[in-house]
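Engineer: Here it is: the structure, laid out below.
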Amino acid sequence: MLIIFLFFNFCYGFNEPLNVVSHLNHDWFLFGDSRSDCNHINNLKIKNYGYLDIHPSLCNNGKISSSAGDSIFKSYHFTRFYNYTGEGDQIIFYEGVNFSPHHRFKCFFNGSNDVWIFNKVRFYRALYSNMALFRYLTFVDILYNFSFSIKANICNSNILSLNNPIFISTNYSKDVYFTLSGCSLYLVPLCLFKSNFSQYYYNMDTGFAYGYSNFVSSDLDCTYISLKSGSYKIFSTGFVLSIPTKALCFNKSKQFVPVQVVDSRWNNLRASDTSLSDACQLPYCYFRNSSGNYVGKYDINHGDNGFTSILSGLLYNVSCISYYGSFLYDNFTSIWPRFSFGNCPTSAYIKLNCFYDPLPIILQGILLFLALLFIVFLLFLVYHG
């Protein structure tokens, strides 16, 4: 029995990395959209769990923050808002598709959606890298020393209306300050229109300035700055002040744990982008994707088998999570678990050549049988003189 076990273990491998998102224990959390929004099922004409890419048994575990039609990026910048909030040691993201080239958003008629896709990459890169160091995520409003009775109505379309940042004239008579308080770290937007000017956030406590210059953008070009609690003054060399109104709040620092990101894309009939894979980089992020087109069972954009398989890893714990995938066991494997965390395999074996062409084996058996018959015939002749 031991020989049979070793044969199959070495020849077939019982501990290959799985293309799933998973967790080491029950201390995990998922941020998503309609494909993991269990509450949205009740709004369908027929209550059909085939709409989801997650298993229905995950719906009531309190470890999912998802909203149909939303994304963290969309909620961050626009009036269409869902307060994504959650906490866990191992964080999984499966959202982002609800702001894509399919929506063709741009601030002006002659603006550029490409600029907004670049903004999306920068945003998620900052989100993923920060979330590898913190347990808790939510949205907060940014407080100011006065109310904005006069503001420019800029950057609206028939799809979305921008409200983070907003804009006021630099001729406004008062200095503009904002205060960040209560979170360990904030992700704040700093956005500029095409022009030869710059803008800064100046920390009144430390004297440190966070700046951004804009020379080439054909739309609203944004960078995303991680700020600590404090009082900040905004000043600009342009004609308008870009005023942030919302920030992502990171709290409860943790030991570094890479986030896991599942690609969020449409069926090929709609335009998607590669923002999430561009943003999800080592060492702070593992990216999981399906090899095929997204083809849903409920409709073409909901209930794909490939992504359902990737999300099925949330149903069980694994021993190790790495760049190559998740490992069920911590014994050994044929693929070394690079950039890993958890109880990971400590050795990689060489897979033996256990598969043969059956035809040569059959011929060898026939020849061996004939050789045995010949030997028996010779022994018979010798025995009988």
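Every residue gets a Cβ built from N, Cα and C, even glycine.
Pulled the feature table from Swiss-Prot, pasting it below:
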type	residues	note
SIGNAL	1-11	signal peptide
TOPO_DOM	12-361	topological domain 'Virion surface'
DISULFID	Cys38-Cys59	disulfide bond
CARBOHYD	Asn83	N-linked glycosylation site
DISULFID	Cys107-Cys155	disulfide bond
CARBOHYD	Asn110	N-linked glycosylation site
CARBOHYD	Asn145	N-linked glycosylation site
CARBOHYD	Asn171	N-linked glycosylation site
DISULFID	Cys183-Cys249	disulfide bond
DISULFID	Cys191-Cys222	disulfide bond
CARBOHYD	Asn196	N-linked glycosylation site
REGION	240-352	region 'Esterase domain 2'
CARBOHYD	Asn251	N-linked glycosylation site
DISULFID	Cys280-Cys285	disulfide bond
CARBOHYD	Asn289	N-linked glycosylation site
DISULFID	Cys320-Cys344	disulfide bond
CARBOHYD	Asn331	N-linked glycosylation site
Engineer: Which residues does Cys38 (disulfide bond) neighbour through Cβ under 8 Å, counting only same-chain ones at least six apart?
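Structural biologist: Sequence-distant Cβ neighbours: Leu52, Pro56, Leu58, Cys59, Asn60, Ile64, Ser66.
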Engineer: Between the Cα atoms of Asn145 (N-linked glycosylation site) and Cys285 (disulfide bond), find the distance and write it as a whole number of Å.
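Structural biologist: Asn145 (N-linked glycosylation site) to Cys285 (disulfide bond), Cα-Cα distance: 38 Å.
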Engineer: Between the recorded positions Asn83, Cys107, Cys191, Asn289, which lies closest to Asn251 (N-linked glycosylation site), Cα to Cα?
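Structural biologist: Ranked by Cα distance from Asn251 (N-linked glycosylation site), first place goes to Asn83.
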Engineer: Treating G and I as helix alongside H, and B as strand alongside E, what does DSSP give for the region 'Esterase domain 2' (240-352) in helix, strand and coil?
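Structural biologist: Going by DSSP assignments, the region 'Esterase domain 2' (240-352) contains 16 helix, 38 strand, 59 coil.
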Engineer: Reported as an integer number of Å, what is the Cα distance between Cys183 (disulfide bond) and Cys320 (disulfide bond)?
Structural biologist: 31
Engineer: Output, ordered by sequence, the same-chain residues six or more apart from Asn289 (N-linked glycosylation site) with a CB under 8 Å from its CB, or 'none'.
Structural biologist: Val262, Asp263, Ser277, Ile310
Engineer: Can you tell which of the recorded positions Asn110, Cys191, Cys222, Asn331 lies nearest to Cys285 (disulfide bond) in space, using Cα positions?
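Structural biologist: For Cys285 (disulfide bond), the closest Cα among Asn110, Cys191, Cys222, Asn331 is found at Cys222.
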